[in-house]
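Enquirer: I have a structure here, written as structure tokens, and I will follow up with some questions on it.
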Amino acid sequence: MPQDPMDFEWSYWIEWGRERILWLLAGHLLVSQVSRLLVEKYKPWCLMVYGMAACWLLLGIKGFAVILLHAAVSFAVAQFQLSLLTWLCSLILLSTLRIPTVEETKRKWYDTENEYYLLLFTVSVRCLFCTSFSLEYCWHGPTQKSSHTFPWMLAYVFYYPTFHNGPLMNFDEFSEQMRRQEAFSVKNNLSILIVGIIRIFFWWCLAELMIHLMYIHALYSSALSLESASYWALG
């Protein structure tokens, strides 16, 4: 059965995944395990550098600079320790994505629309991470701010597995996981990897099955089909 041709987002991410993102995630896994074995104390910084390099590779130096600028502005505003100011800053940074002049300028950085959309998706998700860090900075007392430094913010913002489309992980959870030191076990690590691959494969197969059997996107793109359906069918 043919695939629903109207599902742009699924096709978009599958294409990017096959071309580069899947390989960059494999690279992150390799860097994570090697740094854990050899320089566990510096693991967050190794992953930060890797995430920055992956960002530079996919989005170019200008795309990388935009994300770095957003992080720097968010961190500077967080120093006032006012939640309302942090929310305003985040909304203003997000609103810049919809300014026509800025949109046209960013489009000119790339050869294809897909590359521009990747920047758009990534910056939007990074804004959520910047907001999370800044709010937690505002809420914590002076004794709890040992991890709330700009380098730690960059390690959080450029953490590659959640870089392009999440999911969102709050900063406290991220820093706790990065600081946790566990005994290395080939058996445990291998079992976690295998279970993770099985989970991803299962959900990928389910999504592919839905796209081939349930033409959700094609249906809601067709006004005539929706108008002819009963309220019970629509429900």
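Glycine is no exception: its Cβ is also placed from the backbone N, Cα and C atoms.
In case it helps, TrEMBL gives these features for our protein:
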- 20-39: transmembrane segment (TRANSMEM)
- 46-69: transmembrane segment (TRANSMEM)
- 75-95: transmembrane segment (TRANSMEM)
- 116-135: transmembrane segment (TRANSMEM)
- 150-169: transmembrane segment (TRANSMEM)
- 190-216: transmembrane segment (TRANSMEM)
Enquirer: State the residues, same chain only, that lie 6 or more residues beyond the ends of the transmembrane segment (20-39) and have a CB under 8 A from a CB inside it; answer 'none' if no residue qualifies.
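Expert: Same-chain contacts beyond the ends: 13, 46-47, 50-51, 54, 57-58, 160-161, 164, 184, 189, 193.
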Enquirer: Near the transmembrane segment (46-69), which same-chain residues lie under 8 Å Cβ to Cβ, leaving out any that are not at least 6 residues past its ends?
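Expert: Non-local partners: 20-21, 24, 27-28, 31-32, 35, 39, 106, 109-110, 115, 118-119, 122-123, 126, 151, 154-155, 157-160, 163.
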Enquirer: Hey, which bits of the same chain come close to the transmembrane segment (150-169), Cβ under 8 Å, at least six residues off its ends?
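Expert: Contacts of the transmembrane segment (150-169) (Cβ under 8 Å, skipping residues fewer than 6 from its ends): 13, 16, 21, 24-25, 28, 44-45, 47-48, 50-52, 54-55, 67-68, 71-72, 74-75, 118, 121-122, 125-126, 128-130, 132-133, 175, 178.
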